[in-house]
Amino acid sequence: LKCNKLIPLAYKTCPAGKNLCYKMFMVSNKTVPVKRGCIDVCPKNSLVLKYVCCNTDRCN
């Protein structure tokens with residue numbers, strides 16, 4: 001699986017066991033992701049952070 005880094009022009013290949021891509025937003029500003037990468041389990045959203053997870057190459 002390949003996931004985009006913070007700047008989507010760059011991406012990385014996920015290590016074994018991390019089979020989801022994610023992007024994280026501040027709830028107050030959903031237009032600009034603050035973090036992207038590989039993850040094993042999609043985190044729950046909080047009052048401050050929103051996570052979007054997916055499982056295809058560079059979907060984040």
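Heads up, the Cβ atoms here are built off N, Cα and C, so glycines get one too.
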Inset, instruction - Scan C38, C42 and flag the one Swiss-Prot records as disulfide-linked to C14. - result: C38
Inset, instruction - Just choose from C42, C59 the cysteine that Swiss-Prot connects to C53 via a disulfide. - result: C42
Inset, instruction - Could you list the residues of the same chain, at least six apart in sequence, whose Cβ is under 8 A from the Cβ of C3 (disulfide bond)? - result: Y11, K12, C14, C21, Y22, R36, G37, C38, D57, R58, C59, N60
Legend entry - Fewest other Cβ within 10 angstroms of its own Cβ, chosen from the disulfide-bonded residues C14, C38, C42: C42
Inset, instruction - Looking only at C-alpha atoms, tell me how far C42 (disulfide bond) is from C54 (disulfide bond), rounded to the nearest Å. - result: 9
